[in-house]
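Each remark here refers to the structure printed beneath this line.
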Amino acid sequence: MKIGLLTSGGDCPGLNAVIRAAVLHGIKTYGHEFVGFRHGWRGVLEGNIMDLPRTRVKGLAGEGGTILGTSRTNPYDGPGGGPERIAVMLERHHIDAIVAIGGEGTLAGAARLAEAGLPVVGVPKTIDNDLAATDYTFGFDTAVAIATDAMDRLRTTGESHHRCMVAEVMGRHVGWIALHSGMSAGAHAVLIPEQSVSMDQVCTWVSEVHERGRSPLVVVAEGFIPEGHDEVLAAHGAEQNGRPRLGGVGEYITEQIEAATGIETRNTTLGHIQRGGAPTGFDRVLATRFGLAAVDLVSDKGWGQMVAIRGTDMIRVPFAEALDGLKTVPQYRWDEAKVLFGR
Ligand code: F6P
């Protein structure tokens, strides 16, 4: 078989490890041939293709980014998009299957194409870890490690200056990165989109810690909105193109904390640093296992499905299941973290 790989949506440490594992396993075990579509679905629509021989994927397991490039182009974009166009491109380049490596948007496009009869399978990807049907996505562990390291550093400078330190991390819709990095760095408050918390409560936690002579550390996910502050936060410029603006909520709550408590407070927005650089060992292993499993799925002609991890097992799930809502932080996980907030 000739298999086309693509990476789409925001990049994520571990994408190259998926590509490497898929190519090596596919060639070695099945005798498949591989190409990559450049810049996600755009490469499929435009026929922008590169060969992926063994030599091209050598040493890629630990490399950040994606050698294929990525974009947020949807396969249905523009007058030229859609299954007919893609079927023509596959035929023209003698490609038998597409492995789409991406998040919710990518997989939704892949699901529609598979429903239209195209040979498409998926590999889940997002640092936010918010995809239903898989316990983990690669990139998440790396983002948590980077955010933890950043907060460890913020703590020492915060302690030196007796300041409150705020770290804004990624998480448009869910607070997994904030929860895990906050727990691991010992944050005194973790603010996530799933939980409504008032600024009064945040300031109480901060003041309690400050009164003990410590430097309060607050981690906030970019999609968090303090209770009752929707309009004022929007007016503060916390949104851009209908999405949370990186830095928006971090800056906002920093100002609010300082004004209400009188404690000198600083915000650090981690932004895209969380997505860059080498994946952790955990993410390399997960991405490698996804790459291997995706090639097995293609070889079994399991169109319309994606690979996933449940516990420690690699499984296959229909796209529909994967797209059945976001995996949000459950109440009990927030309650566990909350035990250590404030005093
Ligand atoms: O991949 C999801 C995500 O990491 C979000 O947490 C964040 O809002 C977004 O990507 C940033 O995307 P972009 O790189 O397009 O600004």
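Using the three backbone atoms N, Cα and C, a Cβ is placed for every residue, glycine included.
According to TrEMBL, the protein has these features:
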- D128: active site, proton acceptor (ACT_SITE)
- G10, R72, T73, G103, E104, G105, T106: ATP binding site (BINDING)
- E104: Mg(2+) binding site (BINDING)
- T126, I127, D128, R163, M170, G171, R172, E222, R266, H272, I273, Q274, R275: substrate binding site (BINDING)
- 2-298: domain 'Phosphofructokinase' (DOMAIN)
- G105: site 'Important for substrate specificity' (SITE)
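Sequence features annotated in TrEMBL and their locations in the structure.
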{"residue": "G10", "record": "ATP binding site", "Cβ neighbours (10 Å)": "19"}
{"residue": "T73", "record": "ATP binding site", "Cβ neighbours (10 Å)": "22"}
{"residue": "G103", "record": "ATP binding site", "Cβ neighbours (10 Å)": "21"}
{"residue": "G105", "record": "ATP binding site", "Cβ neighbours (10 Å)": "18"}
{"residue": "T106", "record": "ATP binding site", "Cβ neighbours (10 Å)": "28"}
{"residue": "T126", "record": "substrate binding site", "Cβ neighbours (10 Å)": "26"}
{"residue": "D128", "record": "active site, proton acceptor", "Cβ neighbours (10 Å)": "27"}
{"residue": "M170", "record": "substrate binding site", "Cβ neighbours (10 Å)": "26"}
{"residue": "R266", "record": "substrate binding site", "Cβ neighbours (10 Å)": "16"}
{"residue": "R275", "record": "substrate binding site", "Cβ neighbours (10 Å)": "19"}
Assigned element (helix, strand, coil) containing R266 (substrate binding site), judged by DSSP: strand
Spatial neighbours of I273 (substrate binding site) that are distant in sequence (at least 6 apart) but have CB under 8 A: I146, A150
Nearest recorded site to R275 (substrate binding site) by CA-CA distance, among binding-site residues G10, T73, E104, G105, T106: G10
Among G10, T73, G105, T126, R172, the binding-site residues whose C-beta sits under 6 Å from ligand 1: G10, T126, R172
Whole-number Å value for how far M170 (substrate binding site) lies from D128 (active site, proton acceptor) (Cα to Cα): 7
R72 (ATP binding site) CB neighbourhood, other CB atoms within 10 A: 16
Distance [Cα-Cα, Å, rounded] between G10 (ATP binding site) and M170 (substrate binding site): 12
Nearest-integer angstrom distance between the alpha carbons (Cα) of T126 (substrate binding site) and G103 (ATP binding site): 6
Count of other CB atoms lying within 10 Å of the CB belonging to R172 (substrate binding site): 14
